[in-house]
Every structure is written in C-alpha cells, then in structure tokens.
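Taken straight from TrEMBL:
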{"type": "TRANSMEM", "residues": "69-87", "note": "transmembrane segment"}
{"type": "BINDING", "residues": "G75, V78, N82, N340, L469, S473", "note": "Na(+) binding site"}
{"type": "TRANSMEM", "residues": "99-120", "note": "transmembrane segment"}
{"type": "TRANSMEM", "residues": "141-169", "note": "transmembrane segment"}
{"type": "TRANSMEM", "residues": "225-246", "note": "transmembrane segment"}
{"type": "TRANSMEM", "residues": "258-278", "note": "transmembrane segment"}
{"type": "TRANSMEM", "residues": "301-322", "note": "transmembrane segment"}
{"type": "TRANSMEM", "residues": "334-355", "note": "transmembrane segment"}
{"type": "TRANSMEM", "residues": "457-483", "note": "transmembrane segment"}
{"type": "TRANSMEM", "residues": "495-514", "note": "transmembrane segment"}
{"type": "TRANSMEM", "residues": "526-547", "note": "transmembrane segment"}
{"type": "TRANSMEM", "residues": "567-593", "note": "transmembrane segment"}
{"type": "TRANSMEM", "residues": "613-638", "note": "transmembrane segment"}
{"type": "REGION", "residues": "680-727", "note": "region 'Disordered'"}
{"type": "COMPBIAS", "residues": "698-710", "note": "compositional bias 'Polar residues'"}
Amino acid sequence: MPKNSKVTQREHSNEHVTESVADLLAHEEPVDYKRSVLNVAGETWDKQKDAEEDLDSENRPAWNSKLQYILAQIGYSVGLGNVWRFPYLCQKNGGGAYLVPYLVLLIIIGLPLFFLELAVGQRIRRGSIGVWNYVCPRLGGIGFASCLVCLFVGLYYNVIIGWSIFYFFKSFQYPLPWSECPIINNGTTAIVEAECEKSSATTYFWYREALDISDSISESGGLNWKMTLCLLTAWSIVCLAMIKGIQSSGKVMYFSSLFPYVVLVCFLVRGLLLRGAVDGILHMFTPKLDKMLDPQVWREAATQVFFALGLGFGGVIAFSSYNKQDNNCHFDAALVSFINFFTSVLATLVVFAVLGFKANIMNEKCVVENAEKILGYLNTKVLSHDLIPPHVNFSHLTAKDYSEMYKVIMTVKENHFKELSLDACLLEDELNKSVQGTGLAFIAFTEAMTHFPASPFWSVMFFLMLINLGLGSMIGTMAGISTPIIDTFKVRKEAFTVGCCIFAFLVGLIFVQRSGNYFVAMFDDYSATLPLTVVVILENIAVAWIYGTKKFMQELTEMLGFRPSRFYYYTWKYISPICMAVLMTASIIQLGVNPPGYSAWIKEEASEKFLYYPTWAMAILISLIILATLPLPVVFILRQFHLVSDGSNALSVTYKKGRMMKDISNLEDNDETRFILSKVPSETPSPMPTHRSYLGPGSSSPMEMNSTPNGRYGSGYHLASTPESEL
C-alpha cells in the first residue's frame with residue numbers, strides 16, 4: 001500500500017481522516033457475494049463446504065522442483081507419436097519441406113494454445129473440470145469431455161505399452177525370435193511356414209506370434225492370453241506410478257522422460273555408423289517444395305502439432321495446477337514446445353538412419369536374387385551373354401552394375417521384358433516405402449535391428465524406450481482424468497486411481513482379443529481427433545471471447561510479473577480459433593470423403609487388405625464421437641436453464657503479489673455497512689479485514705505484504721470478477 005495513502009496516514013496519526021467509499025473499496029479485498037449482505041440472489045453459503053475447499057487448497061500437493069515439473073510436461077507431450085508418426089508424415093509430405101508448415105503451425109497454433117492451458121491451470125489451481133467451471137460455467141462440459149477423451153485414449157494407449165512389454169521380454173534371446181521364419185517338420189521334410197515365407201519374418205512374428213490376429217474385426221477369436229498378461233502388467237505399472245499423485249508420478253518422470261533421449265542418442269550414433277545411413281537421412285531431408293502447396297500437408301501438420309503437445313486432454317492443465325502462482329509458465333510453454341519439436345527431428349534422424357541401412361540391405365538382397373535369375377536365363381539361352389557388360393562380375397555384383405545390366409536387358413528385350421520378372425532394385429524405391437505407427441516400430445525397425453551386431457541389446461533398449469515414452473504420456477493422460485475428478489468430487493486419490501485402473505483394464509480386454517488390433521486402430525483414428533478439436537476450440541473461445549482476452553492478459557501480467565507479447569492476444573482472439581475451425585472442417589470433410597475402414601491381415605494371402613467397417617462397428621465409431629462431445633451441450637443446457645448449480649462462485653480467485661488466494665471472509669451481517677458508514681475513527685475497522693486469507697505455502701501475511709509498496713506485482717489487491725460478469 002502506498003505510504004502516502006489515507007489508510008496509512010490513519011495508522012500513523014490520531015487525526016481524523018475523511019475517506020470516500022471509493023478510497024476504502026480501493027484497498028478492500030474482494031468479497032464473495034454469497035457470503036455478504038450484498039447477496040441479493042438469496043443463495044446460501046455452506047460454511048462447512050467452504051472450509052473443506054480451503055483445506056483442500058492449502059493441502060494441494062506441489063512439484064518438488066521446477067525440473068520435476070518440466071520433465072513431467074516433456075514426458076507427457078513427447079510420446080510414441082514423435083517416434084513413429086512424425087517421421088512418417090515427414091517422409092510422406094515432402095521431407096524437409098514438411099518442417100516449414102509444421103513450424104509455422106507450431107508457432108501460431110501450438111505454442112499459444114499450450115501457453116493458454118498452462119496459464120489457466122496455474123492460475124485457478126484446479127483440474128480441467130474446475131478450471132472451465134470457473135472460466136465459463138456454461139461451458140463447464142469442456143472439462144468432462146476432456147476426461148472422457150482421456151479415458152478413450154488411455155484404454156488403447158496402454159495396449160501399445162503392453163505390446164512393447166511383450167517385445168521387451170522377447171528381446172532377451174539370441175538370435176531374436178523374429179529374425180527367421182519358423183520351420184515346420186512335416187514328417188521327414190522340413191518346410192518354412194507358408195504365411196511367413198509369403199511376407200517376412202518380422203511381419204509374421206508381429207501378426208501371428210504377437211497378435212495372433214484374426215482376418216477381420218467381425219471375427220473376435222477370443223482373448224490372446226499373452227497380450228492380456230502384458231496389458232495387466234502395463235496397467236499395474238501405471239497404477240503404481242499414479243497412486244500417490246504427483247509425489248509418485250513426478251519421481252517416475254525422472255527416468256521415463258530422460259531415458260528415451262539416452263536411447264535416441266545411442267541409436268543415432270550407432271545408426272550413423274551403419275552402411276547406408278546417410279542415404280536414408282539425405283532422402284528424408286531432401287525437400288520436395290511442391291508438397292507445401294498441398295492443403296492436405298497443412299491439415300496433417302496441424303493435426304500433428306495439435307496432438308504432439310497434448311492439447312485438450314486436460315493433462316497439461318492438471319500438471320500446471322500444482323505449480324506456484326509466480327511460476328513463469330510462458331517460459332515453460334516455449335521450452336516444452338521447442339523440446340517436443342527437437343525430439344521429433346531427433347527421432348526422425350534415428351528412424352531414417354536405421355531405415356537407410358535397412359533399405360541398403362534389402363536392395364542388396366534384391367540385386368542378388370535378380371542376378372541369380374539372370375544367370376539362370378543365361379544358362380538356358382533365354383538371354384545372350386552379349387547383353388552383359390564386360391566389366392560386370394556376378395561374384396561381386398554392385399547395385400550400380402546391376403542397374404546398368406537391367407537397363408540394357410530392358411532395352412533389348414522390350415517386347416518380352418515382363419516375362420523375365422526382373423525387379424529394378426532401386427534404393428529410392430526401398431526408401432519410399434512409407435511405414436507408420438505400429439508397422440514402423442514392430443515391423444520395420446525390428447527387422448533393421450536383426451542386422452545389428454549385438455541385436456538383442458539394441459532391441460531391449462528400443463522397446464524399453466517405447467515403454468518409457470508410453471508411460472510418460474499415460475501418466476499425463478491419467479492425470480487428465482484423476483485431477484479434475486478428485487478436485488471436483490473430493491474422492492480419495494488412492495482409491496480412485498486403483499478403481500480407475502481396474503475398470504480400464506476390464507474394458508481394455510476388447511483390445512487384447514485376436515481382433516483387438518482393429519479396435520486399437522478405430523479408437524486411435526476416431527475417438528479423439530474430432531472431439532479434441534471441438535474441445536480446444538471451445539477452450540479458446542471461453543478464454544478469449546467470453547472471459548475476455550484483455551482481462552486474461554491483465555491477470556497474466558499480475559501472475560507472471562510481466563506482460564506477455566501482443567502476439568498472444570491476436571492468436572488467442574483471432575488466428576488460433578480460425579485455424580482450428582478450418583482444421584475441424586477439413587477433418588469432417590475427410591471423414592465424409594473417405595468412408596472409415598481399416599487394414600486387415602489376411603492369413604491366406606499373408607498380406608494386408610483394406611476393409612470397410614461393418615455396420616455395428618460404424619455404430620461404435622459414431623457413438624465414441626458423440627459420447628466424447630455429449631457433455632458439452634448437456635452441461636450448457638443444464639446451466640443455461642438453471643437446472644443445476646453452475647458453481648461459478650465456488651472459487652473466488654484473485655491475486656496478492658502474483659499468488660492466487662481464495663477469499664473466505666466470514667463477516668457478520670452489515671460488516672460492510674459498518675465499515676463504510678462508520679464516522680468515529682476509533683470504531684472504524686482496519687482496512688485490512690481480520691479474516692484469514694490463503695496465500696499459499698510460504699506466503700506473508702497481508703500486512704507484511706503491504707509493507708513493500710513497490711513489490712514485484714504492484715500494490716494493492718486486484719479483484720478478479722466472476723465469469724458471470726462476462727456473460
């Protein structure tokens with residue numbers, strides 16, 4: 001409080017000081033209207049409930065250190081998508097040219113919306129349900145929708161961790177069990193398994209040994225007991241990591257967030273030493289600039305940015321809600337966004353260094369097989385020896401020599417060339433074989449590792465990395481469910497975590513049937529994309545257009561101690577909502593143009609075949625989208641027509657030197673009236689109310705805080721008006 005203020009003068013003199021109502025109210029702390037005589041709505045104040053809320057706020061856990069918090073956010077945002085989706089999109093959409101739209105959209109969509117979620121979580125110190133109830137009660141369904149999407153994603157995401165656990169334990173063998181096709185003894189003869197011979201050893205192991213997959217989604221085939229045990233193990237790990245809240249999950253993050261980087265760096269060093277690694281990296285980053293003009297590239301880049309940072313899930317809000325109020329969340333947003341992008345590029349380098357090596361191996365294999373065909377044609381006089389260049393040596397045939405010989409034969413035997421069944425064996429063709437998702441991790445990468453020296457060691461490291469990447473994302477996903485539910489309904493943390501994991505495991509049994517992989521693909525493609533886009537658009541609108549961008553920027557200034565760039569004002573207000581609306585429209589159009597389907601593994605053909613979802617599966621798919629977005633209209637209607645309490649004033653949030661406090665004044669009737677109308681100085685109550693205010697651990701008392709008028713966040717108290725005032 002300024003030293004020359006009238007209130008300060010009164011404290012240091014016995015002279016009567018005449019003050020206006022405006023003077024007094026300028027120094028008064030905000031009063032919750034439900035607790036004062038100014039409450040004309042007739043709403044009741046539950047003292048016991050408020051006391052419980054105060055105790056909950058005071059006892060709210062916090063991160064042990066800033067490093068632990070940053071690692072948690074990194075572990076959550078950096079996941080399996082960085083390793084197996086970003087490299088695929090980079091290859092598919094123009095190599096190095098894809099990085100341009102990705103970076104542009106990261107800056108104008110990803111960073112601002114990530115900063116927004118960090119800020120609202122840190123400011124209001126609640127999970128997604130409590131946050132959006134406070135910002136805009138009528139849009140309180142955003143929090144419930146986020147929880148449902150987190151549940152859907154968690155159900156199938158943990159199945160992927162289960163697959164990684166299965167491969168992890170299978171890696172402790174030499175040779176690796178997917179390095180060769182199994183041999184079947186048929187009486188006196190030994191033959192190679194037909195399904196494996198038609199495909200490859202790694203493909204056969206994935207579809208037959210690991211998944212034991214059925215031919216279509218309609219054929220359940222019963223439970224795969226191996227994967228059921230792995231799923232149980234995965235949920236047990238998640239439960240143990242989450243059971244004590246951030247006290248346990250934060251410690252897990254030290255390993256689960258840092259270990260993947262150790263593995264990626266090791267793989268990069270090893271990969272660069274492999275023959276052909278440079279070919280893969282050059283192919284990867286050779287820009288195809290014409291791709292930048294394709295709207296589909298921008299749509300896929302926006303979707304990747306959107307999911308890479310975990311926007312809309314509630315995990316970002318949950319983690320930031322355990323921060324101190326003066327934490328610089330703007331720096332956190334920029335740092336985590338950069339690290340996420342850096343990780344994607346690092347993973348891409350690793351993937352294509354290894355795939356470049358694999359492409360060279362496969363190309364050499366192709367050359368050898370086709371050279372044997374040519375030798376056979378030469379011996380049977382189908383081809384003349386005159387067609388073979390004199391410098392070609394079949395015992396040391398290079399890819400360049402074969403290519404030269406192939407072109408000569410194709411030119412001379414133009415009319416009958418197809419009958420020879422010769423392949424061009426171009427390295428470029430091998431490098432252009434785009435592989436994504438599970439195919440990249442469990443087929444392409446595993447096949448490449450079979451050619452590594454000490455292949456079991458690298459396999460163990462790779463799948464341990466996948467487990468850790470998945471675990472970091474799962475902890476954030478579970479926090480997006482548990483934090484808002486525990487904050488809102490005051491359930492016991494341990495009991496809820498155990499119950500949620502048991503429930504998720506039982507529901508997740510649908511994913512460990514023999515047809516379970518098809519359900520994983522369905523949930524991955526459709527359960528989150530559209531609902532999350534709607535959620536994030538509404539989050540943006542709730543803050544920028546309903547709560548008010550100017551008001552939010554002012555409160556950020558009070559909280560951070562500096563004013564964020566105007567760039568955020570314009571992105572929150574205009575650019576991000578427009579871009580997200582375009583993305584949502586494009587997703588809906590894409591859904592309508594391309595009927596939903598999946599890639600089924602046909603055992604007899606030993607190959608994948610695209611099939612459309614049957615009617616009942618389409619019903620499940622549509623139900624997932626509807627169920628995830630249903631809380632939005634339901635909560636809006638219930639609160640619009642006052643069918644349920646909106647809880648808009650359950651949290652009276654303000655700032656005291658950048659720290660959030662919850663006003664819990666318990667004034668007697670007419671206390672405000674006596675304060676304003678009192679004419680005798682000795683009867684006038686102190687300008688600082690005697691009621692208790694929670695300022696967070698380590699905070700000073702109100703009088704102590706006012707002893708430094710030029711403090712970091714300015715003087716006095718700033719009233720944060722209720723969301724209703726903005727409606």
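Using N, Cα and C of the backbone, Cβ positions are placed for all residues, glycine too.
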Which of V78, L469, the listed binding-site residues, has fewest other Cβ atoms within 10 Å: V78
When counting Cβ pairs under 8 Å to the transmembrane segment (301-322), the leader among 99-120, 141-169, 258-278, 334-355, 457-483: 99-120
Maximum Cβ pairs under 8 Å to the transmembrane segment (495-514) - stretch from the list 69-87, 141-169, 258-278, 334-355, 613-638: 141-169
Contact between the transmembrane segment (526-547) and the transmembrane segment (141-169) (at least 3 Cβ pairs under 8 Å, separation 6+): yes
Sequence-remote partners of the transmembrane segment (225-246) [C-beta within less than 8 Å, at least six residues beyond its ends]: 61-63, 72, 158-159, 161-163, 165-166, 210-211, 252, 319, 322, 471, 474-475, 478-479, 482, 493-494, 497-498, 501-502, 504-505, 508-509, 511-512, 516
Cβ contacts of N340 (Na(+) binding site) (under 8 Å, same chain, 6 or more positions away): I74, S77, V78, N82, A308, L309
Proximity verdict for the transmembrane segment (457-483) and the transmembrane segment (99-120), three or more C-beta pairs under 8 Å: no
Closest-packing stretch to the transmembrane segment (99-120), where packing means Cβ pairs under 8 Å, from 69-87, 141-169, 258-278, 567-593, 613-638: 567-593
Cβ-based neighbourhood (8 Å from the centroid) of the Na(+) site, residues G75, V78, N82, N340, L469, S473 excluded: I74, Y76, S77, G79, L80, G81, S257, P260, T343, G472
Least buried by Cβ count (within 10 Å) of the binding-site residues N82, S473: N82
Spatial neighbours, same chain, of G75 (Na(+) binding site) - Cβ under 8 Å, 6+ residues apart: M253, S256, S257, L471, G472, S473, I475, G476
Beyond the flanks of the transmembrane segment (69-87) by at least 6 residues, Cβ under 8 Å: 63, 160, 246, 249-250, 253-254, 256-258, 260, 284, 304, 307-310, 315-316, 319-320, 322-323, 332, 335-336, 339-340, 343-344, 347-348, 351-352, 436-438, 440-441, 466, 469-473, 475-477, 479
